[in-house]
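Below is one structure, written out as structure tokens; the observations come after it.
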């Protein structure tokens, strides 16, 4: 497997970000209440810069046993653990980047049931222990690119989705894979209150073409930084598709269903002109409200010191995945 393009040491997310008092900075910058009328995705990052000093701790899940295949151990500098666990989009726990870390402790992840059904010869049901014991786990250092034009580099731990799907034996009718997050309003305040949850229709759903799901890069992820996923990162199991925008990485999955038809996906239902089904990272296809040509890392000096770098086609994984889309108009099928 070819090496991915490297990032500079200076581009790494630093150890501190949530250090400025929101009210003080908003006042200093003259940001008025009108800013809050912007669509959420356009201002969510801005507001998250102005958190206090109550940063959540790094992941504290149980240690996992895993290998480190050389193909996935590259020279990409890692985003610090406290940023991966403390700067998240998980609207089931609130809209602000720090809300998931603050609120996701209410999610009960054991016991857990994950069902694989639909166009398969052998439907499966996995429990919590199966997720970490049934398949050999490996650490993979992947880029993570949010549609909001920020990015991280994360050492995920998991197993290839194709190994799980192979056990279920997809039928010849299977063309797509549909994923569904747990629906538990009593544990997830955003599912209970539309204001907290951004007005989305829950449970959160996502989907892939079958060939995308079977690609070796597509990872069923159960850990990060050597330990089990914390709830705010999608415990106990989430999807990572590194060449796609982060909203494709559905969290806290309870259902995987193979289908004949393309499944609905949450953000595409909300705004089909802004969030496509494919959601491949592409610097040449802008979001209607912002450019995707560059991306930003959360810097150490605050909002005025953010460092930007060019966005890579397919998030730097073009050598591995571009053939999946041969002949497909990437502007039309965004």
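Quick reminder: no glycine exception, Cβ is built from N, Cα and C everywhere.
According to Swiss-Prot, the residue from 171, 181, 294 that belongs to the Mo-molybdopterin site alongside 88, 91, 92, 146, 233, 238, 249, 250, 251 is 181.
Secondary structure at residue 250 (Mo-molybdopterin binding site), taken from DSSP and collapsed to helix, strand or coil, is coil. Those residues noted as binding Mo-molybdopterin (88, 91, 92, 146, 181, 233, 238, 249, 250, 251) have their most widely separated CA atoms at a distance of 19 Å.
When secondary structure is read from DSSP and collapsed to three states, residue 238 (Mo-molybdopterin binding site) falls in the strand class. Around residue 92 (Mo-molybdopterin binding site), the C-beta neighbours below 8 angstroms that are at least 6 residues distant in the chain are 181, 188, 189, 190, 191, 197, 202, 204, 252. Cβ contacts within 10 Å of residue 250 (Mo-molybdopterin binding site), excluding its own Cβ and spanning all protein chains shown: 25.
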